[in-house]
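Here the structure comes first, spelled out in structure tokens, and everything after it is commentary.
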There are 2 protein chains.
Amino acid sequence: MTVHVDKPKGAPQSVTAGPIQGSRKIYASPADRPDIRVPYREIVLTDPDESPVRVYDPSGPYTEADAVIDLAKGLPLVREPWITARNYVAVEPRPVKPEDNGNVSADALVAPCPTKRMVRRAASGQLVTQYEFARAGVITEEMIYVAHRENLCREAMLAEAEAKIVDGESFGAAIPPFITPEFVRQEVARGRAIIPANINHPELEPMAIGRNFLVKINANIGNSAVVSTAADEVEKLAWAIRWGADTVMDLSTGRNIHNIRSWILRNSPVPIGTVPIYQALEKVGGDPVKLNWQVFRDTLIEQAEQGVDYFTIHAGVRLHYVPLTANRVTGIVSRGGSIMARWCLAHHRESFLYERFDEICDIMRDYDVSFSLGDGLRPGSLADANDAAQFAELETLGELTKVAWGKGCQVMIEGPGHVPLHKIKVNMDKQLRECGEAPFYTLGPLTTDIAPGYDHITSGIGAAMIGWFGTAMLCYVTPKEHLGLPNRDDVKTGVITYKIAAHAADLAKGHPAAQVRDDALSRARFDFRWEDQFNLSLDPDTARAYHDETLPKDAHKVAHFCSMCGPKFCSMKITQDLRAEVAAMSPEDHERLVGMHAMSQEFLAGGSRLYVPTSE
Amino acid sequence: MTVHVDKPKGAPQSVTAGPIQGSRKIYASPADRPDIRVPYREIVLTDPDESPVRVYDPSGPYTEADAVIDLAKGLPLVREPWITARNYVAVEPRPVKPEDNGNVSADALVAPCPTKRMVRRAASGQLVTQYEFARAGVITEEMIYVAHRENLCREAMLAEAEAKIVDGESFGAAIPPFITPEFVRQEVARGRAIIPANINHPELEPMAIGRNFLVKINANIGNSAVVSTAADEVEKLAWAIRWGADTVMDLSTGRNIHNIRSWILRNSPVPIGTVPIYQALEKVGGDPVKLNWQVFRDTLIEQAEQGVDYFTIHAGVRLHYVPLTANRVTGIVSRGGSIMARWCLAHHRESFLYERFDEICDIMRDYDVSFSLGDGLRPGSLADANDAAQFAELETLGELTKVAWGKGCQVMIEGPGHVPLHKIKVNMDKQLRECGEAPFYTLGPLTTDIAPGYDHITSGIGAAMIGWFGTAMLCYVTPKEHLGLPNRDDVKTGVITYKIAAHAADLAKGHPAAQVRDDALSRARFDFRWEDQFNLSLDPDTARAYHDETLPKDAHKVAHFCSMCGPKFCSMKITQDLRAEVAAMSPEDHERLVGMHAMSQEFLAGGSRLYVPTSE
């Protein structure tokens, strides 16, 4: 379903909406807080003996059955009553300047999203950030929301799984069987989790990033100087969250970025992250050397007022680290990192992001914009992985984490990059140690350099592993990485690949509710409930289409085989016959069969073998 | 390029041939054996300072520049002189029976490949298998070939990498800096590697499977009762090896399989594996209960005479293990496993594969058909991973490995399946222990069940990990797994995904030559040598197409940016400017900058910090 919207010039024209096939959107509330409505996606199965499966759902109102999406009006204000109750100060918004939209000519100007929101800022002497509330022992509505959301009705599902033992290796994470609001508060207070939630983003459906919660994924959108428009970007947002992106970074550069961002924020139920140095650079004509604190500071305020939930700040790229990259195979591959390195070297001065870090904290704290401390010196090739430059920066990020906490800010840390399998765990361990367990947010990592066109896979491998080791959020990589700007299909492929990586990590960590969906799908598969198998999958449309490519008839949707093996060779069918046969056995026959196994075990345990190896 | 072939009815019509774009086929010989011509693919780079990169090339004559492929004639007989010198006995081939082709009617019969090969068998008192030669201290031509092939001109490449330190974690594998024929012999003699090479497959270009060699991948082809024809299967073979499949399994069922197999073998430069029980089942009308030793034995001889290089034999599915699968979520998912379980239970007898294992060994030894001991009880869902049934079978496979070695046979062991990340290593460790380090050959494993349509990715993650831990060959999974029969695109996607997994594993194990290609590609990327980047990638066609989607002009092939970031935001471009600036610095300035880093390091090492964490 596509919802069309009447719109001012340059505004988004339509957006993908409606439920994912086979699913329906539901809302549930904690027992004592009926006013807090937490969204889930429920997959109803065809077998009446099977409970519906509820899955985590970041897609917002777009996937409601009768979604009425008016992009010009923006999404419902989920957080408005909570924010209002906190007595922030309403401020006159900073006036929009021509440079905010890249000095675009009037005829090329994209109109801003027409809906108006009150702009708020911290009141003096008042708690502002989720971190401050948590430290003060206050459980916010956002924490209650997150607790309920993370549990995924875990109680009911766990009971159903009949107290199944959940194993796993969590490498020191401490995922509780059940998540309470108090647990969320404690994790936020310890800095082990963040709830990115700008006080100017009331449309947000709160979510947590931390290694004792479900592993999250981020999708990047953004125009570039070469291609893409406002309409594309809002549609990309809706599309990315439809398939499971938990946060979205708007990496736009070029013209109209202020106004495009207004459309994105007013229509985003997920946290939006940005890299403010990109816009600052636009404002100084694209020359890194001309950057300065004033224009950067002004950009932070501009974006914080719009409601951006987290900022990537490359404050760890210090002047004296730059020479450490001189002999790298691929130098500095982070855009923000290279911009700051260029500035430092040109001025022969310490980075103003580092020197002004206190002031940056003060600004971000005033709106509860979370830090995503950027890895400007991440390796861009296996050859550069885990080198002196990368780790020097990580140590600085650890130092800055503690500064930001001291200022009341929420913090996560960005990580690599290109890293071979055997060097991944060192990254995680060092990050936890240096950064006091602040959440790690990694790009991939890519485990080989030789597969452009398939870097969603080279990086999905690394992402699953580092997620298992403790990374809290995985930044997706699309098949177009290194080659071009992703289109709609690429965004979906990237998101699904990263949902796989995140889920594989959750399973391996021993997340108590993670395997419920796998088990439900496997039962459907074994029972030849094809529709259930499709609907339980991460991408029902593709699963169904692939099946139908070779067996398109409706009758085959209930067929007890597929085209892989055909009817005679279907192991599942044979096994079902087998199971029926075992069930029909007399108790004596069954006893004898099982007894044979026991006897044989004893025989082997006693050191006897039917055959004696020739080496003996 | 597509080569068209005049052909008898039902025979393949054409096959993809010609070099991969940007590469050329070369042959090189060991210094003292100019008669042994080992194939490589050479990627010539546009930068005259860059040496060409040689990569392992299983694609056979199909990728020669002026490939003349005559499918009816078959490929050149690479091994003929070596085999001839060994004095095997020429035998009258077993006559083809109607049941070999599924009793197909005359009008539907696919003609066999018309080329004739002498059929050979062991002579009494003569060494036959590579294992026997190795144990007797004889270095075969196959071992010399394999040694040269595995080195990939490693000497030259290592020298070029300037004695770069290769790190890695190999979990007990012992990959030498340089591979000699004697090393290959030792590995084969210890059972740690196999060279699958039926004496009736003279077209074979020998290759090794073992954890001290490059990690290999297998692609499955095969018609099924529902779709696909002879032409499809031979083209799939050529297509799969073009993109890097090291062996191919023909999993055909249904009619014409004997004759289709003749086309495949006579035109395959890679080892061909089969699962003989599939054809045996066809011969008894598809009813597992009707299977018997005579028909199975006859099928082994039929296929061994045709030249099949390895057989999957599910001899580990024992009668008393069947009840262990009764409470599984997905029962028995191996086709061969379910067939044998059905037989055992119906007859209430021990498996004839287990009881007749000695005789199976004698037959396979006579042609040097390698064992691939099948994992008939592998888990088909995460819920069933590492359970009693799976591990009971693995222990039996260990017992059978030693029996097969005692009979002079080469052996590898098949492995799972569906396994979450944290349960993968246990599989590898147990396999090495139980099976005396015989090569492990795993399907995936799939690390989650919830992504049908993307199981190349769910399994590619597991494959990279288990390859790192020591698996010698990874059986590919395509996007159609669980849903339908793969088409041409699916086969390619599966192969490339598994080349990624295998290469990521090689890198992590510390294979001395693995990173050469990554480094060459990364240098090309950093230098904006787009054509070199495409040509060095696993799939140049896709890399080029993706790039051209947004920047199609030829001028952009030398552009110092891409559409991801556009010209102003390209970190690589900024870094190049930066590097030029550092290079232009006066020695004093450079000294001062580097000195600042050293000072800062001392400062930190001394316990001082610019900021003091609030917690202190």
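Cβ coordinates come from backbone N, Cα and C, glycine included.
Marked as substrate binding site by TrEMBL: A:Asn220, A:Met249, A:Tyr278, A:His314, A:Ser334, A:Arg335, A:Gly336, A:Asp375, A:Gly376, A:Leu377, A:Arg378, A:Glu414, A:Tyr441. The Cβ neighbour count for A:Ser334 (substrate binding site), using a 10 Å radius and every protein chain shown, is 27. Under DSSP, A:Ser334 (substrate binding site) is assigned to coil, being neither helix nor strand in the three-state scheme.
Same-chain residues at least 6 positions away in sequence with a Cβ under 8 Å from that of A:His418 (Zn(2+) binding site) are, in sequence order, A:Thr330, A:Pro379, A:Gly380, A:Ser381, A:Leu382, A:Asp384, A:Ala385, A:Gly444, A:Pro445, A:Leu446, A:Asp449. Under the DSSP three-state reduction, A:His418 (Zn(2+) binding site) is assigned to strand. The Zn(2+) binding site feature in TrEMBL is assigned to A:His418, A:His482.
Per TrEMBL, [4Fe-4S] cluster binding site is recorded for A:Cys562, A:Cys565, A:Cys570.
The domain 'ThiC-associated' annotation in TrEMBL covers A:20-88. Per-residue pLDDT, averaged across the domain 'ThiC-associated' (A:20-88), gives 95.
For A:1-33, the entry in TrEMBL reads region 'Disordered'.
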**Complete:** For the binding-site residues A:Arg378, A:His482, the largest set of other C-beta atoms within 10 Å encircles the C-beta of A:Arg378
**For the binding-site residues A:Gly336, A:Gly376, the one whose C-beta sees the most other C-beta atoms within 10 angstroms** = A:Gly376
**Message:** Using DSSP, what is the helix/strand/coil residue split across the domain 'ThiC-associated' (A:20-88)?
**Reply:** 9 helix, 16 strand, 44 coil
**Prompt:** Sorted by position, what residues of the same chain at least six away from A:Tyr278 (substrate binding site) have a C-beta under 8 A from it?
**Reply:** A:Leu251, A:Ser252, A:Thr253, A:Arg335, A:Gly336
**Prompt:** In angstrom units, rounded to an integer, how far apart are the Cα atoms of A:Asn220 (substrate binding site) and A:His482 (Zn(2+) binding site)?
**Reply:** 14
**A:Tyr441 (substrate binding site), number of other Cβ atoms within 10 Å** = 27
**Complete:** Filtering the binding-site residues A:Tyr278, A:Arg378, A:His482 for a C-beta under 8 angstroms from chain B leaves A:Tyr278, A:His482
**Cβ-Cβ neighbours of A:Asn220 (substrate binding site) (radius 10 Å)** = 23
**Request:** Compute the C-alpha separation of A:His482 (Zn(2+) binding site) from A:Ser334 (substrate binding site), stating it in Å without decimals.
**Result:** 12
**Cα-Cα distance, maximum over A:Asn220, A:Met249, A:Tyr278, A:His314, A:Ser334, A:Arg335, A:Gly336, A:Asp375, A:Gly376, A:Leu377, A:Arg378, A:Glu414, A:Tyr441, record's substrate binders, Å** = 20
